[in-house]
């Protein structure tokens, strides 16, 4: 039976509704209820068509593992439950397979999880793209750029512990295979005012706290910092520590990330020095001092902080102190210098700190771009990831919130335009009628802000540039004049009477009705922040710094390049950047992730319906669903649709043989689905009402239960039949085995009985024979015993007789001896003095030996073992003693000679001795090698850079490194090769490139052959059948033949414990591939020179002519 494969879908095991397009009925209450139901079951992702809604869970979920990455890899968008990985995979495959540039737009409030979403997108793309050393390096650099940018650009706010205080857009560049080549990062409007002041409950940028918490004591001392946060005025103390955040560990992560991205050590140190200088700038305090002319000026209270800053940045202390006290204004040909009061001095200090940090951040982004940018010039595919600050509504909203919310308005505008455009294009592409739906277009709000003549930004620039007194109040007055009638602008001075008594709208504020809601803006600081003014004196002081990084951050401080033109305002710069970003996004295929914050407490498991409702409204999610459902709520390609519902029709089940569209048409006709409820596109089926889809799902579920019942019935029948047949076969087998067992048992009984009977008979016969043999043995033993006793008696009698006769003879001899002694003593008593001669002889002999030894002491030869001199003996009788003394002295001086050698010298002499035993009187070349030291390493491989690759490839100790001539097996010509001998291998390498050509294990070397003549040719024979012997034996020529053969012999003996066979003959055989070739040495002609020549005569002979 064919196996049925049922593919999964987001419709399977669905909690709530996975795609809001299928929600029925569709209203705000059901929308929020569906999100809450999925949120409570840890389903934080929901679709609106191809748009992903992400609800921040404020905790880690086990849905981002490598296994999950593999689950969503190369899968259909609707095949699995909603996930950010599905959108990432869809965008990546569209880029790789369809050659469409992609952009992923991540929007939402601050704290909704946009930064984490962007990191998840990048990590997924990095996981699914290609592998390889270069590709992995690019992926690692792209991923590690995030920790660096987060440390310098993110901070804790009241709504988010890791809030992005800058906008980031990264273009990731891919090659035609989909492998990453590099990337380019663009940053937008760093909130640099945070450097000098933070709202209550918020922190400065992460890097300040990470540096003080994670830097070593040595580094802090070098940067002139202390670990105590309270020492620095620029750091807020009420939120210095964040629960669950380890600043020290994060600092180590940032340092490691900077190293991976490509920052050099001195660059990282320079960055930290600038950060330390910014921190210490906040500790500079001023005091007022009156001058003679009545003007107030400021003086620095404690110059110690100023001194340390100047030491860090290598700035002249006098120059920096003057820059804090005076301001120089330059006209065309005129300079005016004025003193700064205390308030102006503090303004100058804070402006310097903000500009220094802001420019450092821009330098960091450019430095990262240099490292991660694509190195090739080929055409690239691009995937853009936009992680930009979310819509912000605080108690006090200033210029930064105004700019941030303007950017979000533009993103909402492009979302509306591209969503409608994509929907309309799909209907046109599929030839489906398009039904228009009304929606709120926020273009009117964008125009209120960015209009070149009457826009708020244009009027702010105009106010900043006009002469005269310019304040935030004059700017507000101008807004009231121009924008008073605008329906989305509110102010106490506007012409609408209902705002005149609105106590929620202060006189110094204005309110804009954004797409996300109304936001009240304090005009205080708008003009200053837009001007972004830094006194020229401070710029010039920074340019004079000996610190190369700080000097590069202030090019306008160069006196040789004075530019009197006013720099562009912050608002105009940001407006131009946003316009460029919008144009960039419109050229790419958009993918949307809409992030939603479930509560303001940053806590898990809390779902604030009113807060979520507000976000749903201003994000326009309901309108997005209605746009998707304006024509048809559900659409699917024909193939997966037929695959999913084919069991509902007999004609399409189990296999449809024909086009998928025809199968779907047959299926829908069979199910009698009304024509007005569906339409057939070119490649997709479109279903108008979600109820129709759910009816299909119910029918499919019921049909699957019926199929399951059918499969169970067939399976149970098959199982019973199989069991019956098995029992039947088992009965036959059991009966056969039982009969066999019974016959075997009966045979064993008969056999056992026969053996018992046989054993009893054999035993009876054996016992009978044994009794007869024992009787015969006893008779023989009795006769032997009687004879023995008789012979013994006779022997004892004879022995007694012989002993008595011997005693008598001995007594006679003793008596005779005594008698002779007495007789002799009586006869020679008169000659007693004759004994003195013996004594004189012995004395004389002793004196001669003594004199001999004393003379030998003074005549001893030198201690050289090769000195053959030895004094002559004076007397013949001392000959043996003389030779023995010579032998003993020679052994003694040899021992003394050996004792003075080092281990290295002993090894050299052992090798020389080995060479002598192997080649003396056998090889004519040997005598010339005696005086030559064995060097081994004739090539300095370790020192020669040309052989670095060869050196890295050899991990063992090199015993011989020499250039030899390898004889070509085919024609006898020679080729230079590097001959290398290690502890375990013999290697041949190319002399020019150092590439290893051959590697032979010493265990495969069986013999070395050479001639007896004065030449350097030798053959290395290899074990037959070994891998190294595939081309045959080697034939070499070398000027150091004796040394190479000796070391090869000793090394082989040390490693294999077997002596290497050394054959010395003027004719020997070698194996060249499949042929055995005779190498014959002949006497050469002197006319051909003194160098031996080699020539291949035929397939069986190779001649070597030795002159």
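The backbone N, Cα and C atoms fix where each Cβ goes, glycine too.
Annotation source Swiss-Prot lists SUMO1 cross-link at 287, citing similarity to another entry. Less than 8 angstroms from the CB of residue 287 (SUMO1 cross-link) sit 298, 299, 300, 301, 342, each of them six or more residues away in the same chain.
Per Swiss-Prot, SUMO2 cross-link is recorded for 287, and the stated evidence type is similarity to another entry.
Among the features that Swiss-Prot reports, domain 'Myosin motor' is placed at 15-701.
Positions annotated as domain 'IQ 1' by Swiss-Prot: 704-727.
Taking Cβ pairs closer than 8 Å, the domain 'IQ 4' (780-807) reaches no residue in its own chain that is 6 or more past its ends. What Swiss-Prot lists as domain 'IQ 4' is 780-807.
Sequence annotations record features per position, and here Swiss-Prot assigns domain 'IQ 5' to 808-837 based on sequence analysis.
Per-residue pLDDT, averaged over the region 'Actin-binding' (592-599), rounds to 92. Summarising the annotation, Swiss-Prot assigns region 'Actin-binding' to 592-599 and lists sequence analysis as the type of evidence.
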Which three-state DSSP class does residue 287 (SUMO1 cross-link) fall into?
strand
